[in-house]
Structures are given as structure tokens and as C-alpha cells.
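K.L.:
Handing you a structure now.
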Amino acid sequence: MSSFLYRLGRAAARARVLVVALWLVVLAAAGGAAVLLNQGTDDTFAIPGSESQDALDHLKRVFPEVSGSSAQLVLLVPAGSAVDQPATRAAVARAVERIKAVPQVATAVDPFGDNVSGAISGDGRAALIAVPLKVELAQVDPATKSALSGIATELTGLVPGAQVFTGGDAFSNRVPQLSPTEGLGLAIALLVLLLMFRSLIAALMPLLTAVIGVGLSAGLVYLATLVTPISSTAPMLAVMLGLAVGIDYALFLLSRHRDQLAADLPVEESIARATATAGSAVIFAGLTVVIALLGLAVAGIPFLTTMGVAAAVAVALSVGIAITLVPALLSFAGNRLRPRVAKPRRSGKPRRPAPQMARWWVRAVTRMPLLTVLAVVTGLAVCAIPALDLRLALPDNGTEEHGTPARQTYEVIGEHFGPGFNGPLIVTADIITSTDPIGLVNKLAAEIRTLPGVASVPLATPNPKGDTGIIQIVPATAPDSAQTDELVTRLREQAPHFLATYGTKTAVTGITAVGIDVSAQLGGALLPFGVLVVGLSLILLAMVFRSIWVPVKATAGYLLSVGAAFGATSFVFQQGHLAEVLGLSHTGSVISFLPIILMGVLFGLAMDYEVFLVSRIREDYVHHGDPHHAIETGFVSASRVVVAAAVIMFGVFAAFVPEGSATIKPIAFSLAVGVFVDAFLVRMTLVPAVLQLLGHRAWGLPPKLDRALPVFDAEGDALMRELRLTDWPGVDEAVSARDLSLDDDRGRPVCTGVNLHLPRGEVLVLHGAGPVGKTALLFTLAGRVSALNGDLKVLGRVLPQHTHALRREVAIIRCRDTADPAAALPGDAGLVLLDDADLVLHTGARDALRTALAAPGPTSFVLTCQDPERIRDLLPPTAHLYALTPQPAEVR
């Protein structure tokens, strides 16, 4: 992949005008189409297959008056007054008739009606006008809300001293909007980039590309409303993630590019290499985030799946922009991004290097690694304790901002009618076989009234056809309380009793019941999703680092970060600490889809930091073999970029907390805490300490597992190796090997220190008695063995990077199984490998093989045998001999 990215980066740099123009055209097209065609967001939370959703869908068919969205008008008279007055009754009756005439209104319930109960508050000061609508929340026309607000204003004027509040689902305002506060995240990012690069051009470039990616992703998300419902949280989540990862991904490429420019690399070559190396890491990081976000579909909840897809699109676009648009912009910047060389002091003394905070830190945390590990693990475990009481719920009008009509109405209803009026439950009953539907519904209502947790049963009626009955239940507690959950469970436990006693099937539904079912299913999906994420992290990191302990350590660190983020979120949003500081309008529960989103997003970000930090440590370990020295040097070289990326991401997420919507606030807060903990406490503190404890053991992988796992070159090491060997060996050779070593299945050396030079069109003989690795070496030259150490080029291709391409140009002939090897020679092979050539005994076969080896042409030959004297008569005078010796017994 790194070779492809190398070519892509160079092509983008050369076609910079075209690349930039294409991205801008796509952005304009997506934005324009979204503005003209978007259908608006839909915050209807549905969970197909659940009892509550099935019952709600049934009500839409047989009792549509109670299944759509709804509005509420609450008339509140001053203290000491009573709402039940003749003049007030008359004013309310006129308002009800006017409400019924409003388009989209199914009906309006007069609180003073003969068959209506529970619509007058216990203190006599408030009257509740229920307004069922014909449409779902997403289809509510703004004109409908304006008409209802106008009627409420008129009613206020008709009742002296009264207030009329409009609320209900129809007046909820859950569409997140960007505010100037979110711009603080960009300001923090700009400041960090300026401090890091000390160049305005370099600092602005990641911001520009991130904004383009965010604009494009938001446009695509809104355009998708043409084909599927999209929640209002989805575009905001896409914007938040797109900004964070978009800036970071561009930062990684830009940082690598400037480092290479500082080493006097030409601009175009540096762009290509930065795209291949840092771009590989960006693709790995983006891929993990995308997979985790798409994995949200395991919950089986449509709105969560679309949310995950929307966020995944934003991340994927950020990756695409990083490996195409960023190289094009780097090409436009040219040498202006080349770091300036520090001027020497007038005194002639060399400048002291900048304070090595990173070096001091890594030495401090690895001086007593066990103590560091215990301190970090214990501290994060303590931070996670509040998560044990984490309570999940869907947002309702109680989570709206203070002062909004929906929130005011919610609070007035809770104060004067009781908290349960804000989330009534509905029990549906199949009464099609009943001869007394009204009597049956009343009997069910009478039994339900006696259940603990029921405040009242204001409505019990069959539908006009008499086949379905509904019983409206007002809980004694708020919609998001544990007691309401228990009431729903209690009602569902009565279903067998109702069936046995009355012969009717019942189900519990309503917005509150749907929310409870959604939260329950999301809670149940956490374990399988966690297993998916943890398993994926183990496999991906094992592929990247060829190690067992590094993936285990990285996954354990990720779990610690998730636990700490959950704990902090519960501490603030559930227990209410720091609520005023953070501008929270509601505490007591956490939005139900936060845990699974946090786990998915933080997984990708954690793997991102792990790769950038640990890959540098591994690179130094491979070069020098000293694990402890590699920790320090690798940490120092990678820490600057990791710190900058983490601070930027933390700033972007944190900026969405103060003015974000009720759904975005906890998500942004938990991601900010998770990023901070994972980057600074786990990756930059715990990881060096654990690697210090493991030493050489950190970098081991069993040979069988090593062969089974594909190689994922997340840092572009393969390309750098290929570039290093571009001009080696300096002449056109068919086979070139330098310090080549091979191991067997158990990791024991088969042959070591092999140095080969075979000019094209000539013959090489590998010989040796006993187990000297002739066949293994032959198959390595054929591109059939990828596990090798040292440098190897065959037919101009660097191995093992190009094994698949090489196999089409190389032929292997097992002389042990072939009577006439010369007859089996292919005509188009660039290299022919003959194993056990000394087993060709037939005179005719030897003559034919001798002729083939002596024939001039571009084909090269490599033969293996035990004793070259046995095939001396087959070889041309220019043949090269290379003796292989058995490895010492103690190492074999």
C-alpha cells in the first residue's frame, strides 16, 4: 500500500490544480444539493421488533389519533386563583375549537370535558390541553407550531394574570446548531499548530482541509435525508469528528513533510514520501475508526446505524483529503514550508537544544516502571467507579435548554401535575373478540390503577372500530427514573394475567416505553460491541507490530481510557458535579447511545496514538536491538506530534460542551476526557512503563502466528526500504542478496549472512551437504517465503514487498520429481530455479539441461545441489558457486 500512496502523493503534487479544483467542485455540488433537497432531520427513536415499537406501529394503523406526535398547552393562573372558573372554561373551550381547525391537528382535548380526567392539576391552578397531531415529529410544519403559539397568546389575553405554555414533542428543538463557542476549538488548534510549526501557512493548512472535509460530510449527511431518516445528532457528530480527525490527519502528513524538508529532501519527493509513510498510518487510523463506527450496526437500532454511517463518512472523507488534497496544497506551498535553519549565536557558541521535556518525562515514568503502572491503573480505576451507576435514557423535553417553550412546559407540568405527566405510558389491548369492549377496557384500567408506581389512569377507551383498546397511564415518577423502568416491567409482567383472566393480549408502549426499550437494547449491545472492538484491536495491532504483548497492552489501555471517560461522564452528567461550570441544563441520566459511540470513536483514536508512538519505538528497537534505549529515543521523536494531535482533538471536542445540544454535550465531554486520558495517561505514561517492564519480550511473535497474520505496514517502512535499495547494487543483476537470513517454523536460523550477486543471463549454484537451507533459500528467491531478514532483490524487485508480482516471472522446477527438467523450462521466465539439480541422472536429460544453461539469453538460473562436482559438466564456465554451511547445533 505504501508504494501506491507514494505514487498517489507524487501524482497529487504534480496535478495540484486539478486536485484542488475537483475537491472544491465536489464540495460545492454536495452543499448546494443538500440545501435544495434535504428533507430535514428526524429525531424519532424507533427500535424495530421491540414490544413498544410493534405496539406503536399497530396504533398507527388502528388508532392514529394517539400514535403521532403531540403538542401541549398548559394554562397556569396566579397563586391563590383557580383555573376552574366559568370565564376560564369558556375561553379554553373556544381555544380548543380553534386548535381543532389547525392543519395537522388530529383533535384537541378540552381539560374540562365530561369524559376527561387528570387534565386539571391537583392544586387547581393549571389546565392541560392535549393536542394529538396527525403526523410524526419530523413532518410537523412550522406553521402548525406558529398557529398553536398564536392561540396560546390569545388565550393568555382572555384570562387575566394567566400564563399559557406551549410544549410537547412538536415544540422540541433538538436540531443542534453551531455557535461561536465551537470556534474556540479551531482557535486552540491554530494556536497549537503555530507553536509547533512556527509558520502561518503550515498552521492554516490542516484547518483549511478539515473545514473542507466537514463541509462535504455535512452536505452528504443532509443529502442522505432523501433516502433515509437522519437524526439531528448525526450531522453534528460528523462535524465534530470530521474537525478533530481532519486536523490531526493533515498534521501527521505535514509534520513528516517538514521533517523531510529539513533533511534537504526535494519538495516533490518529500510530498510523495510523507504521503506513503504518514499516509499509511492515517489510513490505518481512519480505517479503525470507520470499522468501529460501522460496527454500531450490531445494536440493531436504525437511528444509531445511520449515525455511525454518517460519522464514518466524515472520517473516510478526512482520510481521502489527507492523502490527496493535502499533498496538492503542500505542492502549492513548495519551499515555503521548509523549516528555517537556526542562526548561530554571535559569540560563536552553539545553541543549546530546546528543553527536552519529553526526554525528562519518559525517563521519569520508566525509572520505576512498576510504580508507574500501579499508579496509572489505580488512578484510572478509581475514576471509573462512578460508571458503575451509569444510567441511560433518551433525551426528552426535560433535556432542552432552560427558557425554551418545550422546557418551560415540561417544568410546569412536572411541578403542577407530577413528573409522570411528562412521559405517560400506553397499554394496548386486543379486544376484537370482546362483546363488551368498553367494560373490558375499564376492568383493565381498574387493575392497572392498583399497581405500585401508577399515579393515575386518565384515559381508558376502545378505538372507534372496537378492536383495540388503550389505557393511558401516568407514572408517579419522571420518564428517565429507575422507578418508571420498574413500572414498565411490572406492567409487562401482568400480560399473562390479563390474557388468562380477560382473554386479551396487552403490550406497553408510548414514547417513554420506546425510550426504555432503546436504552435496554443499547445496554445489551455494549458487550458484543466491546468484544468486536477489543478483538479487532488485538488483530490489527498484532498485524502492525508483529507482537503479542503490544496489542494486549494497547487494548488494556483502551479499556482503562473508556472506563475513565464513562466515570467522568457519570460524575458530571448523572451526579451533577460541575454542572453549572459546564452549562448543563439537565442531569440525572446519560444519553443512551453515548457508551457505544464513545467506545467506537475512542477505539480508533486510541489506536491512532498507539501506532504513531509505538511504531517509532519499534523502529529504533529493530535498528539497535536495545529495548530500553528504543523507548526513550522513539518516545522523544514521536511525542511532539502525538501531544499536538491530542491537544487539538481535546480542544475541538471540549469546545462542543458549553453550548452544545443535550445530545452532543455528553458525547463531546466523554470524547474530550477519553482523548486526554488515553493520550497523556495511557499512551505517554503507561505504555513506556509497560514496555520497560517487558523489555525484549514486548517484540516477540510466535513464528506460526507471524506467518498466519498479514502484514500491515502502518508507517510505510516497506517503501522506505524500497527507496533505500533503489540504486542497490548499482548494476543490473538477477539476484542480489546482502546479509540475508532465514528462520524455520520454530524461529531457528536456517541460513544466515547470505550474500549473492547473480548477473542477468548467468547461472548460480547453491551447494552444501546436510541441512543448509538450500530449498528454503530457493523458495525465498521465488517469492514464496516472505519472512526474511536482510536485503534481497530479485529481477529488480525488492522482497518481500513484491513477492506476488515476482511469482509471475519466476519458475521453480523440482528435479527430484521431474525426469527431464529442460523440457519443463518455461519460455518466458526471467529466473528459473532448479532444486536438487544433482539428481538429474539420465544422460539425455543432462545433455538437454546443459544446452539450456549454456544458451545465451535474458533468463537466469539458480541451481541447488549437495556437491557441485556432480554437476560440473552441466555448468557453463561463467557459473557462480556459493557454499551454504549448516548452522551451529546450539542455535538450530
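Heads up, the Cβ atoms here are built off N, Cα and C, so glycines get one too.
Sequence annotations record features per position, and here TrEMBL assigns domain 'SSD' to 199-332. As annotated by TrEMBL, transmembrane segment applies to 208-230, 236-255, 276-301, 307-330, 368-388, 525-544, 556-573, 593-614, 635-657, 669-694.
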K.L.:
Count the CB pairs under 8 A between the transmembrane segment (236-255) and each of 368-388, 525-544, 556-573, 635-657, 669-694, then give me the winner.
P.N.:
635-657
K.L.:
With the transmembrane segment (208-230) as the reference, find which of 276-301, 307-330, 556-573, 593-614, 669-694 contributes the most Cβ pairs under 8 Å.
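P.N.:
Answer, by Cβ pair count: 307-330.
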K.L.:
Out of 276-301, 307-330, 525-544, 669-694, which stretch has the largest tally of CB pairs under 8 angstroms to the transmembrane segment (368-388)?
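P.N.:
By the under-8 Å Cβ criterion, the transmembrane segment (368-388) pairs most with 669-694.
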K.L.:
Looking at the stretches 307-330, 525-544, 556-573, 593-614, 635-657, which one shares the most CB pairs under 8 Å with the transmembrane segment (669-694)?
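P.N.:
By the under-8 Å Cβ criterion, the transmembrane segment (669-694) pairs most with 556-573.
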K.L.:
Note the mean pLDDT of the domain 'SSD' (199-332), expressed as a whole number.
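P.N.:
Over the domain 'SSD' (199-332), the predicted model scores a mean pLDDT of 90.
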K.L.:
Taking DSSP states H, G and I as helix and E and B as strand, how many residues of the domain 'SSD' (199-332) are helix, strand and coil?
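P.N.:
Helix/strand/coil tally for the domain 'SSD' (199-332): 121 helix, 0 strand, 13 coil.
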